Amino acid sequence: MLRRRICSILSSSIFNAITPRPLPIQQSLRFLQCPNPNSKLNNGGGEFGLWFGFGGFRAYSLLSLNDLRGNVPRKQKTRKGRGIGSGKGKTAGRGHKGQKARGSGKLGFEGGQTPLRRRFPKRGFKNPFSLTFQPVGLGKIAKLINEGKIDSHELITMKTLKDTEAIGKQIKDGVRLMGRGADQIKWPIHLEVSRVTVRAKAAVEAAGGSVRKVYYNKLGFRALLKPEWFEKKGRLLPKAARPPPKQRDKVDSIGRLPAPTKPIPFFIEEKEPASGSLT
């Protein structure tokens with residue numbers, strides 16, 4: 001605003017100094033406009049007439065983008081329920097009584113008619129007790145042992161497999177030992193996994209090793225793979241949980257925390273021979 005006012009004052013003062021005689025109303029209003037330089041005025045002649053001739057004074061506009069106003073709507077927001085004079089008073093546009101006047105209805109309600117979600121039959125089933133195990137083959141473990149990333153003389157746990165990137169990061173409920181590459185196992189190894197196939201177990205035991213199926217719940221499995229998380233939070237490692245009744249026959253023992261380094265030997269209870277007959 002200040003720029004436009006200064007521009008108008010300067011243009012009027014310079015015009016009055018150059019042309020002392022009064023001008024008609026049409027010409028006095030024309031000097032505020034910027035004439036086309038390509039057109040020739042009747043009163044002035046040449047370039048001088050375009051600038052300072054009797055046809056008017058050419059003034060450059062000092063308007064800039066930061067002087068422009070935004071297109072702000074002047075209509076105020078309707079305030080419902082603030083009096084009859086506001087136009088939306090009393091019932092505030094909701095009418096009289098009724099379900100919509102008192103509040104919103106239930107989502108999916110169709111006025112008593114059987115809703116759409118009940119008209120279509122159900123399809124599929126999601127077992128809440130299902131478990132997802134990440135598979136790992138014996139051939140991959142043998143390859144890591146040959147590369148020196150896994151020590152075959154120590155116990156190989158699921159944490160060992162995760163640290164050596166034998167399995168991915170997306171581990172949900174445990175690891176399943178598969179028999180792929182079983183012919184590459186030439187030495188005894190000891191493993192602790194969640195599940196093991198018949199072929200993989202037979203190959204490990206044939207080489208003189210052992211495989212134990214251990215149980216970890218969700219919290220215990222996290223404590224096995226990421227014990228540093230509990231230390232960061234200032235919490236102690238949880239106690240080992242017992243398997244539920246449906247999984248007791250599928251595991252050999254309870255998982256140990258923190259990650260163990262030595263295997264648990266399998267004890268075979270040999271029955272004592274019955275005493276001979278009295279002589």
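Just so it is clear, glycine is given a Cβ too, placed from its N, Cα and C backbone atoms.
Across the compositional bias 'Basic residues' (73-82), DSSP assigns 0 helix, 0 strand, 10 coil. Here TrEMBL flags 73-82 (among others) as compositional bias 'Basic residues'.
Annotation comment: TrEMBL describes 91-100 (among others) as compositional bias 'Basic residues'.
The domain 'Large ribosomal subunit protein uL15/eL18' annotation in TrEMBL covers 135-211.
Marked as region 'Disordered' by TrEMBL: 73-121 (among others).
Among the features that TrEMBL reports, region 'Disordered' is placed at 238-262 (among others).
Beyond the ends of the compositional bias 'Basic residues' (73-82), by six or more residues, the same chain brings 88-90, 92-93 to within a C-beta distance below 8 angstroms of the stretch. Note on the region 'Disordered' (238-262): residues 129, 154-155, 157, 159-160, 192, 194-195, 212-217, 219-221, 223-224, 227 of its chain, located 6 or more positions outside it, place their CB under 8 angstroms from a CB of the stretch.
Secondary structure of the compositional bias 'Basic residues' (91-100) per DSSP, as helix, strand and coil residue counts: 2 helix, 0 strand, 8 coil.
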